[in-house]
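Quick notes on the structure that follows.
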Amino acid sequence: MFQLDEYKSRNFSIKGLKMDFKKINFDTGQANADSPPSDKKKVHIDYSKLRDWDFKLLSHFRPFYAPLCNLCCLCTYGKCDLSKNKKGACGINLEKQQARIVLLACCIGASTHAAHARHIVDHILEENPNLKIDYGNAIDIVAPLSTTITGITPKTVEDLDKILVYIEKEITNLLAATHTGQEGNHLDFESKALHAGMIDNLALEIAELAQINYYNLHKGEPNTPLVDIGLGVIDNQKPIILCIGHNIAPGVEIIDYIEDNGLSDDIEVCGLCCTAIDISRYSKESKIVGPISRQLMFIKSGVPDVVVLDEQCIRADILELCAEKNIPVIATSDKCSLGLPDMSSKDENIIIHELLSKKYDGALIKDMEKVGKVAVNLALLLKKDRKHEHKHKNNENDDLDIFELINKCTECEWCNRVCPAMLPIKEAFIQGKAGNLSLFSELHGRCVGCGKCMEECERNLPIIDIIRIASKDKISSERYKIRAGRGPIQDVEIRKVGAPIVLGDIPGVIALAGCSNYYNGENEIALIAEEFLKRGYIVVAAGCAAMDIGLYRDNDGKTLYEKYPGDFDKGGVLNVGPCVANAHAIGSAIKIANIFAKVPLENNFENVADYILNRVGACVIAWGAMSQKAAAIATGANRWGIPAVVGPHASKYRRLYLGESKLREITDKRTNEKVECEPAPLHLIYCAESMNECMSMVAKLCMRPNDTPKGRLIKLTHYVDIYKKYHGCLPDDLHLYIRSEREIPYEDKKEILRFLREKGWNPRKAPNEPSIL
């Protein structure tokens, strides 16, 4: 209590002043002074408020559907033809059916990440239930998504478990809505899809919090070590253990067993897909083969001695492929058991003997410590047996006469027709018949590794092997560098860049996510990243996208990770980690709202998302998106107000959120008046047909109504320059984004002024506090 009876000065006087501080709450974005501790709090979410937010979003960004077919085959009334506005037997129409399929995809993605998080959390509850959750002194806002969505800031593993229980409950409810005879409105399906995406993002954060703290991974250090990546970095002279999937647990046990037994110089551990990134966060000695697109080729090469599988992004025929090359498989998860016998309770020596004797092609071992012992000793014994019998690795296809195979091609062109990347495979065969393998070599790096060409080939030609053998020199020199996954963005980094991002001085934050299903080769995602890095955007990458931008060198022979710093600052490129680390990219936008603008986080999703949508220039690029997980990640980002651009193949997800290219009516919260402003961002999720269109669209999607004149000038300069560079003219919607002559890019001012006069442009005032609430 503060009391002042009377005070007089030249300008004013005070009498009878009393001030009481008891009821003042102090909010740092975590929990206020009156809040109960997190272990006493319950997860609280008001779905009706979230649904209201979704409907506001969907009023500006309307769903656009692109069905792959007009049929519904979900129940036994079907199949039902929904074309020409017809309804199915249950009353559903094509619009609702597409929305339901999108919801199903997002539920699959969310449940996959939630199951991943559940496995890690349960493992920690068994091994170290008292583990404290934190990211060190540099990070106070440890769990921005959890705090904003659930009202809980997790401090212990029990808190993570509590949030996971909520996640699992929500996924069950969402999945129930897809049952025949449940939801009957396409916008409510979309609201539920957005909810599934948000739940997916929350599961990402839980998985990261758990594994970073339990395995002591990097906690936001900008300059993490550079790690080897590429098919050429693997030492074929050593026994090789290949880990595939997304769960770090088996790989950690393998590395620990190797180090505990002094075998680091005698054996090679490498990874494919996100497990590769995770084990390289744990040990800089591990190698990264590459993203999912390298899986088929590397297995068919016969290089690995033992393949260890955990979960996600594993080929369904992996056991058959490995059996063809006499590579024993160790499965470690109930979610990917492959029909293998469960040997979890057997002695390690018995398991090794049964695999060496080829009694089984592999084994299911759910005891992670046992996985480490079996995988290492099995690989060492296989190497010893080969040495004793003077055998090389199981790559007999290297001895094939590929010219004899090439001459068997009938040039039927089915390989070209089914190739998702539309590669000139037939043309490579035609050149190959003339003794020229250069075109086959060029296909390496553009091939997405699906193998559909081999399935369609009427002569059963091993096309992937032909590409690999023709690219031997290219593969042997495939040695690149990628920065180890750093994990979260530090609070001090956010404090430094929060104002420049919100005001527009830093033109935007680009989050690269998704898979390797590129329509024109993996180099495109690196070229996109470099274009924005050169312009001072911040580029944050995770998962396969983080690996793909590492598989590229500029004219000076440097990878992007060697050329650009790893700070969350202008012109920085960050590898935050595997797929689940996409939570850090979204978390950075949330932190900007809290640290820079003091927007409270606890149970305040709508206001945080509204701030991000209207003020934080962030955009997701999922250029090679393939999986249901990628669909859920991007849809979750959309609910946070972050737009996404996807590649051509992602049109098969069937739904986009498109805005209209005209002035948009929003609210100025300062005056509470409806005002017209530019359509920024124009779309919430957009499918670009080419790399050129992607880059110009991303530059546009980073604009926000809150941009200052200087910030808008910077963003428009990049937008106009990129558009003219790749399209050769001014963008036809430029007049919508210029509010005053001060924002016109200097270099093209005369041309733009003529353009504005033709469009009948008039200056307008920018809103003070833009909002769609």
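Each residue, glycine too, has its Cβ placed from N, Cα and C.
No curator has checked TrEMBL annotations; they are predicted automatically.
There are 11 other CB atoms within 10 A of the CB of CYS69 ([4Fe-4S] cluster 1 binding site), with all protein chains counted. Per TrEMBL, the feature [4Fe-4S] cluster 1 binding site maps to CYS69, CYS73.
Here TrEMBL flags CYS72, CYS75, CYS80, CYS90 as [4Fe-4S] cluster 2 binding site. Same-chain residues at least 6 positions away in sequence with a Cβ under 8 Å from that of CYS80 ([4Fe-4S] cluster 2 binding site) are, in sequence order, LEU71, CYS72, CYS73, LYS86, LYS87, GLY88, ALA89, CYS90, ILE92.
Under the heading CO binding site, TrEMBL lists HIS113. Applying an 8 A CB threshold to same-chain residues 6+ apart, the list for HIS113 (CO binding site) reads ASP200, ALA203, LEU204, ALA207, CYS579, VAL580, LYS629, ALA632.
According to TrEMBL, the feature [Ni-4Fe-4S] cluster binding site maps to HIS246, CYS274, CYS313, CYS515, CYS544, CYS579. Sequence-distant contacts of CYS313 ([Ni-4Fe-4S] cluster binding site), defined by Cβ-Cβ distance under 8 angstroms and a gap of at least six in the same chain, are ILE244, GLY245, HIS246, CYS273, CYS274, ILE292, GLN295, CYS515, SER627.
Per TrEMBL, [4Fe-4S] cluster 3 binding site is recorded for CYS409, CYS412, CYS415, CYS457. Other Cβ atoms within 10 Å of the Cβ of CYS412 ([4Fe-4S] cluster 3 binding site) number 13 in total over all chains. DSSP assigns CYS412 ([4Fe-4S] cluster 3 binding site) to coil, not to a helix or a strand.
Cβ neighbours of CYS453 ([4Fe-4S] cluster 4 binding site) (same chain, under 8 Å, six or more residues apart in sequence): TRP414, CYS415, VAL418, CYS419, ILE425, ILE463, ILE464. DSSP classifies CYS453 ([4Fe-4S] cluster 4 binding site) as helix under the three-state reduction. What TrEMBL records for CYS419, CYS447, CYS450, CYS453 is [4Fe-4S] cluster 4 binding site.
If you look up TrEMBL, you'll see 437-467 marked as domain '4Fe-4S ferredoxin-type'. Tertiary proximity for the domain '4Fe-4S ferredoxin-type' (437-467) is limited to same-chain residues at least six positions away from its ends with a CB under 8 Å from its CB atoms, namely 292-297, 300, 397, 400, 402, 405-406, 408-410, 412, 414-415, 417-421, 423-425, 427-428, 431, 473-475, 516-518, 520-523, 551, 624.
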Densest Cβ neighbourhood among CYS409, CYS419, CYS450, CYS457, CYS579 (binding-site residues), 10 Å radius: CYS579
Distance from CYS457 ([4Fe-4S] cluster 3 binding site) back to CYS450 ([4Fe-4S] cluster 4 binding site), taken between C-alpha atoms, in Å: 14
CYS419, CYS447, CYS450, CYS453 excluded, remaining Cβ within 8 Å of their centroid ([4Fe-4S] cluster 4): CYS415, VAL418, PRO420, ALA421, LEU423, ILE425, VAL448, GLY449, GLY451, LYS452, ILE463, ILE464
Alpha-carbon spacing, CYS447 ([4Fe-4S] cluster 4 binding site) to CYS75 ([4Fe-4S] cluster 2 binding site), which is rounded to whole Å: 37
CYS457 ([4Fe-4S] cluster 3 binding site) to CYS544 ([Ni-4Fe-4S] cluster binding site) - Cα separation in whole Å: 29
For HIS113 (CO binding site): DSSP state (helix, strand, coil): helix
Among CYS72, CYS90, CYS544 [binding-site residues], residue with fewest other Cβ within 10 Å: CYS90
Cα proximity to CYS69 ([4Fe-4S] cluster 1 binding site), best match among binding-site residues CYS75, CYS409, CYS412, CYS544: CYS75
Euclidean distance between Cα atoms of CYS412 ([4Fe-4S] cluster 3 binding site) and CYS544 ([Ni-4Fe-4S] cluster binding site), Å: 33
